[in-house]
Every structure is written in structure tokens, then in C-alpha cells.
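**Q** So Swiss-Prot has the following annotated:
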BINDING   HIS50, HIS98, ASP183, HIS187  Mn(2+) binding site
MOD_RES   TYR58  3'-nitrotyrosine
MOD_RES   LYS68  N6-succinyllysine
MOD_RES   LYS68  N6-acetyllysine
MOD_RES   LYS75  N6-acetyllysine
MOD_RES   LYS75  N6-succinyllysine
MOD_RES   LYS114  N6-acetyllysine
MOD_RES   LYS122  N6-succinyllysine
MOD_RES   LYS122  N6-acetyllysine
MOD_RES   LYS130  N6-succinyllysine
MOD_RES   LYS130  N6-acetyllysine
MOD_RES   LYS202  N6-acetyllysine
TRANSIT   1-24  transit peptide
Amino acid sequence: MLCRAVCSASRRLAPALGILGVRQKHSLPDLPYDYGALQPHINAEIMQLHHSKHHAAYLNNLNIAEEKYQEALAKGDVTAQVALQPALKFNGGGHINHSIFWTNLSPNGGGEPKGELLEAIKRDFGSFDKFKEKLTAVSVGVQGSGWGWLGFNKERGCLQIAACSNQDPLQGTTGLIPLLGIDVWEHAYYLQLKNVRPDYLKAIWKVIKNS
């Protein structure tokens, strides 16, 4: 199951990582469930705004930045290419991170995973509860905006927990293959839970995909 999880993560990344290949317009991925499907844990208004407004904004700004970057490349304008890097990183990361995030959630989520992934979690963290506690602490502890992640370290062959600031993508920042991402930007929970991030973590574990 761990192999399937890693391979699945790579497939999820492929469309979003088009920023590294041939220039093409990126499109907003459809959610595999309705906006209201995660209620009462995450309400429909948050899901709609998060997906159709916030993710869409990263996507649109990424397309604009890439178009400008291609123009700068064609002109040989190195100064403009360098100046566009922050926008490409921020908006590209926002698109990649959210594309993964949506697939990590499920109306039928919550509880322990099964098979090889659970065994790997027990091996690397002691138990599922210890893993959950550690990822929760790392996610709650992110200063400002960012993400908490479970990733796979290909070199060491083990699972690792990491945090990334803002929209920095996990693989581009740490080299870890992202398996599970928790968005701790306030737009992910403020309308429902105000600024109480720990309550958001309690809620989101109830809809995190377990298969």
C-alpha cells in the first residue's frame, strides 16, 4: 500500500508539475466530492471558497506568471526571468499543494489507514496515534501560513513529517514525496472555527482519506 501511495502521489503531482515542462494553461481540478460532502467537519462555504476562489487564484496567477516568463525567455531578458521566480514559486506551489490536498480528503475518511502504509507509520513513528499527534503538533506550530506534511524519503526509505511555509511545495523544498498535506492557512478554517487552529486539526482528521 505504501508503494501504491507513493506512486499515487507521483501521479497526482504530474499535472500540477506541468510548470516544469512544455508551456500549457493549467486548469482547476474537479473535486472528487461535493462542496458539502465534508460537513459538519468542514462546511460547504469554506470548501467552495477554498477551491473556486483561493485555489483558482493561485492557478490564474500561475498562468499569468508563466506567460510572462515565456515572453522573458523569448527576449532573453534575464532580469525579468529572475524577478518572476517568487510569483512562479508561490502560485505554482499553491496549485501543487491544493491539488494534493483535495485528494487527501474524503467524506468516508477518518481513522487509521490499512496495510503497508500503516505498518510504515508504526515503524517510523511508533504507532498511528503517535504519528497523528506529531503531525498535528507540527501543523499547529506553523508560524503564520503554511502546510504540515507527511512525506516519503526515497533515499532513506522512510516516512518523515515536515512543515513548509506559505505555499512552498514539499518536494521542491525538502525532496520528500508528498503523501498527506494539511493546509493551515486561515482560509482553510477561519469562517467556521475563527483562529482556533487546533480545533481545525481535530476536525480535519475526521475527513482525511484512510485508503
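A Cβ is built for glycine as well, from the same backbone N, Cα and C atoms used for every other residue.
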**Q** So which other residues, same chain and not among HIS50, HIS98, ASP183, HIS187, have a Cβ within 8 Å of the centroid of the Cβ atoms at the Mn(2+) site?
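**A** The answer, listed by sequence position, is HIS51, HIS54, HIS55, PHE101, TRP185, ALA188.
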**Q** At the Cα level, what's the spacing in Å between LYS75 (N6-acetyllysine) and HIS98 (Mn(2+) binding site), rounded?
**A** 32
**Q** Out of TYR58, LYS114, LYS130, which of these modified residues is nearest ASP183 (Mn(2+) binding site) by C-alpha distance?
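**A** Of the modified residues TYR58, LYS114, LYS130, TYR58 has its Cα closest to that of ASP183 (Mn(2+) binding site).
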**Q** Quick check on the recorded positions HIS98, LYS114, LYS122, LYS130, HIS187: which one has the highest count of other Cβ atoms within 10 Å of its Cβ?
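**A** Of the recorded positions HIS98, LYS114, LYS122, LYS130, HIS187, the highest Cβ count within 10 Å belongs to HIS98.
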